[in-house]
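**Q** This is the structure I want to talk about, given as structure tokens.
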Amino acid sequence: MASNLFTIFQLAGFVAIVFIVNLHSVSAESKEASASQGPGKSFKVEFCETNCTENNGVWSGCTGDCICVSVGDSKEGRCMDLGDKVIDTPVAQG
């Protein structure tokens, strides 16, 4: 009987320690800045008024600061403005 009681106390102590460690790790993570809160990591994207098309590997239809964005193998896309120049290289299509 004494050994069963001792085993129960050991299990209860183990559960308490695991709970405290888990609670501490969750609390420590919440104090760090998330990736979305970091400076310079977000930008504003707006749709332009025009659509764009692909003909013989060349995309056309976007004007101004807009770039063409398509989905998959589609030959049609939407023109988007990324606000400040965030992308220095062309966006890969499809």
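Placed from the backbone N, Cα and C atoms, the Cβ positions cover glycine too.
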**Q** For Cys62, what is the disulfide-bonded cysteine listed in Swiss-Prot, choosing from Cys48, Cys79?
**A** Cys79
**Q** Please name which of the recorded positions listed here, Asn51, Cys52, Cys79, is nearest in space to Cys66 (disulfide bond), Cα against Cα.
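**A** Nearest candidate: Cys79.
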